[in-house]
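Straight from Swiss-Prot, the features:
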type     : residues     : note
DISULFID : Cys97-Cys189 : disulfide bond
CARBOHYD : Asn5         : N-linked glycosylation site
TOPO_DOM : 1-25         : topological domain 'Extracellular'
TOPO_DOM : 50-57        : topological domain 'Cytoplasmic'
TOPO_DOM : 80-100       : topological domain 'Extracellular'
TOPO_DOM : 121-140      : topological domain 'Cytoplasmic'
TOPO_DOM : 159-196      : topological domain 'Extracellular'
TOPO_DOM : 221-237      : topological domain 'Cytoplasmic'
TOPO_DOM : 261-271      : topological domain 'Extracellular'
TOPO_DOM : 292-311      : topological domain 'Cytoplasmic'
TRANSMEM : 26-49        : transmembrane segment
TRANSMEM : 58-79        : transmembrane segment
TRANSMEM : 101-120      : transmembrane segment
TRANSMEM : 141-158      : transmembrane segment
TRANSMEM : 197-220      : transmembrane segment
TRANSMEM : 238-260      : transmembrane segment
TRANSMEM : 272-291      : transmembrane segment
Amino acid sequence: MDGDNQSENSQFLLLGISESPEQQQILFWMFLSMYLVTVLGNVLIILAISSDSHLHTPMYFFLANLSFTDLFFVTNTIPKMLVNFQSQNKAISYAGCLTQLYFLVSLVTLDNLILAVMAYDRYVAICCPLHYVTAMSPGLCVLLLSLCWGLSVLYGLLLTFLLTRVTFCGPREIHYLFCDMYILLWLACSNTHIIHTALIATGCFIFLTLLGFMTTSYVRIVRTILQMPSASKKYKTFSTCASHLGVVSLFYGTLAMVYLQPLHTYSMKDSVATVMYAVLTPMMNPFIYSLRNKDMHGAPGRVLWRPFQRP
């Protein structure tokens, strides 16, 4: 069966990272808790930014979209994971697996692009403050976000289309949490050299280019901060970047743990690293921004308690 006639009835088995019923119950409650915390945290960030006029700035516009992306990202994978923990039927259809993979690739790429745009926003705000209003106009912000969405959608479609050219035969058992590109290539019985080369080439180009852009931006930001005469001003300026820098470090650190390795060395032990980038990073982002950013201090809490306040 080739990529053209993978039947709609074909399916994969998402066996997860443990087949022990006791461990699956523990994993169920752990992932359910993490999912609820992630949803609550990111929804509160979005509501706080949309309801507070003081936060209607380019930086928080992109932060709200980053939270939306993280919310969509965990919803793409965790609900199916939770169902599998509680069910004997762990099957996922071929189309369902490709759909999950498409959104996974697109949303990881979108996260990366938004983080790069946020780095540019901080660079303009700190290194070119007199031009900030014109350089980060509302129209340009919408255009940049549209480009981020467009590129991520196209990249997801490209890799998903290439995967439809791959043949799967024999046991389609995925000892993993969700349909991941590396795992599916690992299960393939046809030649995956072309798609693997395309995955490495495009992935390195996109992610390393944007990482290089962010690194260059922060080098210039740090240089500008060091030239400031006042220590208090240096601290205040750097604190506006600390949250973003923390999120970037967490995002790239966990992503590198999973994907910066040859395909033949990829094994199920990488599930721990996958949990970190697929679940822990979206969960931690709201806390990082809320705790490290002065403008966001208490903002999610105010949204949460607003219905209980007297008019």
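Positions of Cβ are set from backbone N, Cα and C atoms, glycine also.
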Against which stretches of its own chain does the topological domain 'Cytoplasmic' (221-237) lie, if we need a Cβ under 8 Å and a gap of at least six residues from its ends?
122-123, 126-127
With CB pairs under 8 Å as the measure, which of the listed stretches 26-49, 58-79, 101-120, 141-158, 197-220 comes out on top against the transmembrane segment (238-260)?
101-120
Test of understanding: applying the rule of at least three C-beta pairs under 8 Å (pairs 6 or more apart in sequence), is the transmembrane segment (141-158) touching the transmembrane segment (26-49)?
no
Do you know the DSSP helix, strand and coil residue counts for the topological domain 'Extracellular' (159-196)?
16 helix, 4 strand, 18 coil
Helix, strand and coil totals (DSSP H, G, I; E, B; other) for the topological domain 'Cytoplasmic' (121-140):
17 helix, 0 strand, 3 coil
Could you tell me which three-state DSSP class Cys97 (disulfide bond) falls into?
helix
Same-chain residue ranges lying at least 6 outside the transmembrane segment (141-158) that approach it to Cβ under 8 Å:
58, 61-62, 65, 102-103, 105-107, 109-110, 113-114, 117, 198, 202, 206
Counting across all protein chains shown, how many other Cβ atoms sit within 10 Å of the Cβ of Cys189 (disulfide bond)?
11
